[in-house]
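For reference, the structure is listed below as structure tokens.
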Amino acid sequence: MRSAKDFFRPLAVGAPAPVTEVPARPSRMIHFFDPSNEKMAAKVPAMVGTVDVLLGNLEDAVKADRKEAARAGLVAIARSTDFGEHTQLWTRVNALDSPWVLDDLTTLVTEIGDKLDVIMVPKVQGAEDIHYVDRLLAQLEARVGLTRPILVHAILETARGMVNVEEIAGASPRMQGVSLGPADLAADRRMKTTRVGGGHPGYLVRQDAVGGDVHAGRATYQQDLWHYTIARMVDACAANGIFPYYGPFGDIKDVVGCEDQFRNAFLLGCVGAWSLHPAQIDIAKRVFSPSADDVAHARRVKESMGDGTGAVMLDGKMEDDASLKQCLVILELAERLSQTDPELAELYRQ
Ligand SMILES: CC(C)(COP(=O)(O)OP(=O)(O)OC[C@H]1O[C@@H](n2cnc3c(N)ncnc32)[C@H](O)[C@@H]1OP(=O)(O)O)[C@@H](O)C(=O)NCCC(=O)NCCSC(=O)C[C@](C)(O)C(=O)O
Ligand SMILES: [Mg+2]
């Protein structure tokens, strides 16, 4: 563990100074595309301005014999696309034990480091994985003379990563956030599911039996398989000043189930989710932007609370310093989103 004094010093001579605070840029949807898929990649330039984050994926879902093509495709897209002020460019590199990751990091930082905002690292097991990437990025940034550091995002997809999530979240000033990786995590934990995110009809609680008949008319309630994981990830991120994300929902056609999972994550503290298909972009935008009603309510509480201390009654409910703080979270998010999304700015003005 570096000393507090050294924590914010560059890890290579000539590398940019680490950030002391992670920029809170909108990242409601991290939109995945495969840069080796020409049809998909061709759609990317037109998506600038319609999504918060475009992510060129090099890892799982890209075929082994297309890894180099994906890397080269991402370089070409980054060079030829103006991402404007409001759309960030991220990538997901291959796993640290894979044969591709060293070339992924070296090529991407060297060729398009000035365009890349965040590098997502899959299957992070502990702080040591972040320390490795941290030093390598500093060396590469120094080599090409980058003036701002590239941030790092960890995917939580192993039991060991889960156990170490707090130390991962605090491992470097580069840490931007953490996403749930439900498919790999389920496999690593030996969960008996076969899905990418979402619930399972078998994971339920059942109403008590009435009159001793255990078979008669007992309602069941499906439970959320991911509650513990997301809640723990949110705490690890909040405690370290970085951002938590739901990750992917693989049942593309189930737009309702997707919205529910995203909303659970939003309510628990996540700032965004991944969109794997264009159909999921608007779902994430809707869910991870506070509703006009919530914003209006938060404003009323703020107005009624004067200097922010004490307790008042509003519509039959007690509001105090702590409920005001929750309202300020909503208002701060609404304010930030209004700066980049004119439709929301208009909606929140009403
Ligand atoms: C699901 C798939 C196969 C359906 O692809 P499709 O072509 O069958 O779908 P479609 O409905 O027919 O597509 C309609 C149109 O949209 C286009 N399109 C389709 N998707 C996209 C996209 N993302 N971005 C931009 N355009 C897209 C597609 O090319 C097509 O264009 P067309 O109308 O001109 O023919 C496809 O959407 C896809 O490959 N998405 C990305 C998948 C991905 O990145 N997976 C990895 C992340 S999840 C993960 O890794 C797990 C994790 C975290 O690691 C862990 O839990 O462990
Ligand atoms: Mg995975």
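Even glycines carry a Cβ here, placed using N, Cα and C.
What TrEMBL says about a protein is an automatic prediction, not a curated fact.
The annotation substrate binding site is assigned in TrEMBL to Arg92, Glu157. What TrEMBL lists as Mg(2+) binding site is Glu157, Asp184. The domain 'HpcH/HpaI aldolase/citrate lyase' annotation in TrEMBL covers 30-196.
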Q: Return the residue, from the listed binding-site residues Glu157, Asp184, with the maximum count of other C-beta atoms within 10 angstroms of its C-beta.
A: Glu157
Q.
Let me check the 10 A CB neighbour count of Arg92 (substrate binding site). How many other CB atoms are there?
A. 25
Q: To the nearest whole angstrom, state the Cα distance for the pair Arg92 (substrate binding site) and Asp184 (Mg(2+) binding site).
A: 15
**Q.** Glu157 (substrate binding site) and Asp184 (Mg(2+) binding site), distance between Cα atoms, whole Å
**A.** 5
Q) Under a threshold of 6 Å between Cβ and any atom of ligand 1, which of the binding-site residues Arg92, Glu157, Asp184 are retained? A) Glu157, Asp184
Q: For the domain 'HpcH/HpaI aldolase/citrate lyase' (30-196), provide the mean pLDDT of the predicted model.
A: 97
